[in-house]
């Protein structure tokens, strides 16, 4: 059942929280369809992430940030029964990397949280941002804010940490669920995208460096 659930990552029928949708008929919906079609066509993922000619980079980034949020949220959702307060009392990626949570409301200073708490805060925080019309405008003709790419960098950097935690602490569960190929494909797609547009500081990528070199050569 779990592996079946993960297969939904690619056909998008199920998710673990309300999903941000693109309105049919909008420019971004068309871009989303174009991106999905390329993904399903079996094209090289490096080619899939490139900005289509004549398209706005911010629209392209917006479509991908929302899509990665949906996919990674689903991947974590399928793993969440293995990621508990007891198994993962600290949000970490092995012994060398610990991630603390900070936002502008509840946690004003970087705060130690368990992995499940961190994930919950993270998904709520991203959902709030992508549903904020001032940051991710959906109306035609409404421009993106100046800090749009900065906000996306922050979102993607934190989503990368979900991969770090899942790969380092829950890889056995991924294999047991028969989900390794799905998670790897999602990771490769994400990795090529953030590299194509230099959206995450390379130091953040360090925890998965060896694995990345192996699967994203």
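Note that Cβ sites are derived from N, Cα and C of the backbone, with glycine treated the same way.
The Zn(2+) binding site feature in TrEMBL is assigned to 83, 88, 165, 170.
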Neighbours of 83, 88, 165, 170 excl. site residues, C-beta within 8 Å of centre, Zn(2+): 79, 82, 87, 115, 116, 166, 169
Protein Cβ atoms within 10 Å of residue 165 (Zn(2+) binding site), excluding its own: 25
For residue 88 (Zn(2+) binding site), the number of other Cβ atoms found within 10 Å of its own Cβ: 19
